[in-house]
């Protein structure tokens, strides 16, 4: 284990440099891929050991099994009091770790070939700084946005508004915010309207000293020798006094009002009609800077994209050559999804490529050959956070609840345009669902093309895309089966699959589920959705008992399976965090006796109270209400049914609902189980 730690630490020291180089250097990308799969294997082994220890603790065999474990070595018990099963388990785990160590040792030796630099992960990569310079004739489209922005800059504003107003251009990276700002900054009417014009590329981090010096240099023509921030801000305040100025702050990321406030105070001395123009990817930045106007920048139309591409890629080409390449060019442009930066990048790449073969190779690139199923998929925010939690992407931090940390992750990605088309709750205005932008989705799939697979199948033959996918590398899969489709058996060879989302006709599951549970034992996420059940010839009333083999499972969602009850073996899923059973017009009748063993359960859609009595009583079915007292981490929404079966008030008290402080919505059903 010590060797394992040493190898991991040595590799971790060069990961930042390796990550930077992987897009340009294929050998580096392959090396990182090997490392990633080795880390997956190690995580599975440690999780297997941890689960076994947890089981012993629940069964009262090992009282120390739930002690905090922060290092790899702490997964191994110091106690010598092992039963035979524990000894065999320890031997098996040791053998697996030895194999992983051997693999990791080879990866460690390979890293020296690449001469990686040791870079701290806290060091930020250098972002390209913008300037105010632009060739106005190169700006395509944006006619409406240009007109709107220009009129707002030239407007004086009402007496009720602040003398200095802030206007923000908001949009995802590469959408053209900086280009639009450059265009109006160099417009003759704008130049004549303002006595002083200043352009500062802010970027990330927000460096107050650098920004202040840049403003002074633009105002006075030279940098100041002042070193204190207060002195710099006072100089700015004096320089813009009674001046009508335009200050462009390009690429602002910080949401810290304290950093902005000192600048705001020194700028309010400007003449009425002065403007601050901000470009940012984040609407929260526009709000923090108290923008009087926010202009959202959308994608270019395909016609505008073609005009931009044609100007770059066809520059100085013979007309006959342009005609030959136009069909390829238009197809390439349609794949850029309205992002001018993508159009410029591809156009620049092809500018000096004259061979039809090269243009065809770009069009046929794997980056464009991506499955369409997940496109336009609307994601539920709460479910997305539960999926992140199941995969271990959310780590504990201070005293925050894991779901709250997940909310922060979501907001962080949303403000950086990773998500779009938000739907909000009518009651509280909070985001409930969203989509990914097509080009973000495509790029994500390109980066994980061997690790993720999604497809639709409508016939009995296996999809060709699945046949050509290396099963040993698959970790995440989404499968949509049509009414006439058969389950692709080769998918069961993806033994290391970590998440599986399947939507299928009801009939398929009766034969598939036992095999799925038996083969895909590394699953952490399983979502099963049944459809076309009105045509069903076979029915499943109970989940197969083989589900106990999914010891790593954290997220289980079953939709419209028409099941009566869960098997007792599901109580072996000690890592389960989310259990959601949603069945339209059909209700789960009972839960297993040992349901309280699921001590890590955080999200439960419904709890069904069974008929009370002793465990050996033939009239006793299901589990008691008091079992809820053992599920200490429940949160969110919960519906309790079968309360008519509760005969003892003490049983209700022992459920401990008053102690579940994070349980926000509670539904009660006083029906009676017969």
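Cβ coordinates are placed from backbone N, Cα and C, and glycine is handled just like the others.
Here TrEMBL flags 1-57 as domain 'Disease resistance N-terminal'.
As annotated by TrEMBL, domain 'NB-ARC' applies to 158-316.
For the domain 'Disease resistance protein winged helix' (373-444), the model's pLDDT averages out at 82. Residues or ranges marked as domain 'Disease resistance protein winged helix' in TrEMBL: 373-444.
Look at TrEMBL and you will find 520-637 tagged as domain 'Disease resistance R13L4/SHOC-2-like LRR'. Across the range of the domain 'Disease resistance R13L4/SHOC-2-like LRR' (520-637), the DSSP-based residue counts are 24 helix, 31 strand, 63 coil.
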Q. What counts of helix, strand and coil residues does DSSP assign across the domain 'Disease resistance protein winged helix' (373-444)?
A. 31 helix, 14 strand, 27 coil
Q.
Quick check on the domain 'Disease resistance N-terminal' (1-57): DSSP residue counts for helix, strand, coil, in that order please.
A. 50 helix, 0 strand, 7 coil
